[in-house]
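Student: Below is a structure I'd like to ask you about.
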Amino acid sequence: MFPSETSCWFIRKVIWWRAAASIAWSVLLLPPTTAVFVFLSKFSFLHPIQTISECLSLLMSSCLIFSFILLGGVVTMVGFLNLEYYTVIPTIACSKIALLGQLLHPRQVINSFAHCLMGVIVGWCCAVTAGSRYETLGCPCKSSDGVPQMGLNEYHLVFLLAGAFVGFSHSLLGVIHNINYVSFNAVQQYKYLHFKGSLPLVLKCSAIQAFYSIRNFTVAYFFLGYIPKTWICKTLNLHLDSSVHRLDSITGFVDLSLLYHLWISATFLLFTWYTTLLLFRIFVTEVYSFPVQPTFTEDSRQCLPRVLTDQQPMILKFLALQDLALLSKHSPSRRSEVFSLSQPGGHPHNWNAVSRECLALLADLTQRLVAYHETVATNGRAKSLSSGSERKTSSDTSFSSGTEDLMSPRPTFLTKTPTSVFARSFAGGPHSPLTAPFTPDLDSPFSSPTLRRLTGPVDQCSPWHGSVQSPHIMRRAPKLWSTSAESQVSSSPPRSPASVPSPKHEPTKPSFLAQFLQNRKEQVKNFMAKRVLIMYLFNKLPEASSQALFADSQAHIWALEALSYLVQASFTEDQFGVVQTTLPSILSSMLHLQEAVDRHFKLPHASSKPVRSANSMEDFTYKTLRFALRATLKTAIYRITTTFGSHLNAVQMSAEHRKRLQQFLEFKE
């Protein structure tokens, strides 16, 4: 699962031990929780003394000890499922059909079946603890002829089915609400204080969710209760007692005592599971301090610069970025190790590794935002070059040249740069690696004449060829957000005459079969678009695309904080000036990202904040990450400008970026 050696070390020595500690504490909290449940199930206003004596005798009974062993096994299994299914980057479904696909995924089906089974076990323990008429599945009864026989105790069956239903509902809500998403708190707290402050919310959410789950179960059992009841009777050779009211009827479920016991049993089940989840979140997100420099050579894989470059598991990368952000803000001694030079050689390897990874994260997010904005702007149609993109070419060129040295070890970020979907790089040829994935096939029968005009070779008689005389026609320039890789392609040696495309390219006429298939495809699309259910399933959910775009922005927030605090500290602590060599690249990356973020927040639904529900264990942090990123980005730029002040005028950058930076220097942003 984790092939990297560093990952294996981290999972084995850190994550597993933290998960084991959370499970151990969850099991240790079972006795007091079970005692409270026993007291609530036996409580009687008219006989308080008798209630206390019954509770004490029940707590010492062998039946409850066996139930406690089963509950401990269930809690341990829940802890292992939390370890298996947790994620630091939430999976956000952008449509109803995508959410349905997540619910029907085989991995989720297994998870739901496991929760159903554990719910049945907890339901049996609760039924045995409640005693009286709920204790056993079979009970003696008499037939119509007066012959004694073994009958079905429907009260016990309802407890078992309610446990399975609550477990299944909990599993489904976990997917819908991203319950397994693990977020990192902005304010660091001790584990005990964090748990103590979150315990009332856990109890409240458990009681409310248990109420709705029992309500839904009551309705489901009223209509479908005869199915499991008949199956159980035939399987176990049990009989129905006609003298007892059936529970799948209106008179059967108007039993307040039964509803009360079902509700407190469901609350007990959800409380123990949510407590296990809360403890897992607290332990896993605890700050881990990575050494900046290794004491021994064999420990180099555990150092912060090395760990930052690992992509799997994501919890390792997030904890490393969290440690880097805290290091840059609170630890002068560890900051000095980041600014130090290697011996021998005198190279700033630590700073280069840290800044390269942070800048790579910022560049990746910038490129994703630009690609998303272009997709929304074009809406799947061909878009001609605008004058706005021409005006931004100079700033993009300076950004790419400034970060070329830092991004060279990571070419994957360069290939992700969204270029014009319809513009070919003539210097690189029609099959250039940077444009091939984004260039349509002109020979395809599905290509339109508009695409052929935009992507075909330029005619010498065309107004785009050579110098442009008309003031209404603008010269083609590099695409917005282009990188230095395109300039490298343009400076490649000329191709042989055999590889040069002919100036005249006559499009081939689509075949009859291709036209037939295209027409049928359009007919199917038009037919589906008129069906309300189909459109309901496939329509994009509001804000979902924006939330999915910023799902991993916690890493970018830490990268921004780390870079800004390190640059701020370098003004007085950087003795060798290692930070000053990359200051232009850092400023250009931040200004580029801010421009992309500002453009994104002008889109519909991007600036609307979601409504937070106080009755759910859902973590809403991922829904507001884009707002936190925008605030952190602006704060990071201000942190640098207020520290360096007018000294930033000597930093080389484009005219547009200098104008934008001047706004920060004058506190006008």
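Any Cβ shown, glycine's included, is placed from N, Cα and C.
Marked as transmembrane segment by TrEMBL: 15-40, 52-79, 85-104, 116-135, 155-180, 258-280. For 380-414, 479-509, the entry in TrEMBL reads region 'Disordered'. As annotated by TrEMBL, compositional bias 'Low complexity' applies to 482-502.
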Student: The transmembrane segment (52-79): which same-chain residues, six or more beyond its ends, come within Cβ distance under 8 Å?
Tutor: 19, 22-23, 26-27, 30-31, 34-35, 38-39, 42, 114, 118, 121-122, 124-125, 128-129, 131, 272-273, 276-277, 280
Student: Restricting to the same chain and to residues at least six past its boundaries, which positions have a Cβ under 8 Å from a Cβ of the transmembrane segment (155-180)?
Tutor: 82, 85-87, 90-92, 99, 102-103, 108, 111-112, 115-124, 126-127, 130, 133-137, 209-210, 213-214, 216-217, 220-221, 225, 228-229, 232, 247, 258, 261-262, 265-266, 269-270, 273, 277, 616-619, 622
Student: Count the CB pairs under 8 A between the transmembrane segment (15-40) and each of 85-104, 116-135, 258-280, then give me the winner.
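Tutor: Selected stretch: 258-280, with the most Cβ pairs under 8 Å.
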